[in-house]
Each structure stands twice: as C-alpha cells, then as structure tokens.
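**Student:** The ATP binding site annotation in TrEMBL covers Lys38. Annotation comment: TrEMBL describes 11-148 as domain 'Protein kinase'.
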Amino acid sequence: GFEWEIDHKDLQLGKLLGSGTFGDVYRGTWLGSAVAIKVLRITRALDATQIREFKQEVDIMSRMRHVNIVQFVGACTQPPNLSIVTEYLPKMSLYDVLKTEPLAWGRKISIANQAAAGILYLHHRKPPIVHRDIKSDNFLIGLDYSVK
C-alpha cells in the first residue's frame with residue numbers, strides 16, 4: 001500500500017459536519033488526533049469507475065502542499081470503506097462566519113487574499129486543478145481566521 005494508507009479500524013467517526021454529492025464529512029479521530037473524515041457515499045454497487053475517480057482524487061490531494069489548502073492526512077482505499085482523512089479546522093465555514101460574525105475590513109481582505117492564494121495554487125499546478133465548486137461553504141476558517 002501507500003505510506004498514507006489508513007486502516008479503517010483506526011478511525012472513529014464523530015459529528016457529521018456536512019454532506020456533498022461525493023459523500024459525508026465527519027469530525028473524527030485517527031490515532032488520537034482530531035481529523036476530518038470524508039466518507040464516500042455509495043449509492044449503488046461500487047463500480048470500477050467510482051473506485052478509479054476516488055483514487056484519482058486521493059492521488060491529487062496527497063500531492064498538494066499549501067498553507068491555504070486543507071492538509072491531506074491519508075485515505076482508506078479498501079472497498080467498501082473509502083474515505084479521505086484531512087486536517088480538522090475547529091471554527092467553521094466562511095459562509096457560517098459571514099452569517100454570524102461582524103468582520104472588520106482588514107479581516108475581510110485577509111480572508112479574501114488567503115482564499116485567492118489557495119485557488120491560485122490549484123490553478124498553477126501541472127496540470128491545473130479546477131475546483132468547480134468555489135463558494136463560501138467550501139472555505140474553512142481556522143480559529144486564527146486562517147483560510148483553507
């Protein structure tokens with residue numbers, strides 16, 4: 001296996017954080033560390049195409065290193081337990097922050113700059129990575145207002 005392969009038995013799923021077309025994201029723990037766990041939602045018999053697309057996403061994520069991109073920790077790639085494990089950011093999405101907190105202009109500009117830096121990193125990869133779902137829900141904000 002790969003050095004980032006995680007045994008499904010070493011993960012504990014906690015609170016559901018959100019759902020997308022791909023799957024559900026949970027707060028969880030891996031070997032005592034707080035992590036986010038994206039579990040592939042299997043709606044039909046797992047086919048070769050689904051597994052290939054999942055492994056492509058894992059391959060891309062495992063090679064990304066940028067301060068404004070959520071850090072990849074590892075993945076479970078043994079069907080039927082397909083999941084991607086990343087760092088956990090304890091604050092909330094940018095969408096939630098914008099709805100619940102008044103932000104000073106300096107902080108708004110900092111958030112915008114960090115979000116743009118993350119997108120720029122993706123677009124300058126070889127080949128470029130196109131996110132296809134850029135929205136405030138998909139930017140995570142750390143306790144220090146760092147953006148990923």
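Each residue's number is its place along the chain shown, starting with 1.
Placement of Cβ uses the backbone N, Cα and C atoms for every residue, glycine included.
Keep in mind that TrEMBL annotations are predicted by a computer and have not been checked by a curator.
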**Student:** Near the residue listed as 'ATP binding site', which residues of its own chain have a C-beta under 8 A away, given they sit six or more steps off in sequence?
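**Tutor:** Listed in sequence order: Phe22, Gly23, Asp24, Val25, Ser83, Ile84, Val85, Thr86.
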**Student:** Which value does the mean pLDDT take for the domain 'Protein kinase' (11-148) in this predicted structure?
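**Tutor:** Looking only at the domain 'Protein kinase' (11-148), pLDDT averages out to 92.
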**Student:** In the domain 'Protein kinase' (11-148), how many residues does DSSP call helix, how many strand, and how many coil?
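**Tutor:** Its residues divide into 44 helix, 44 strand, 50 coil.
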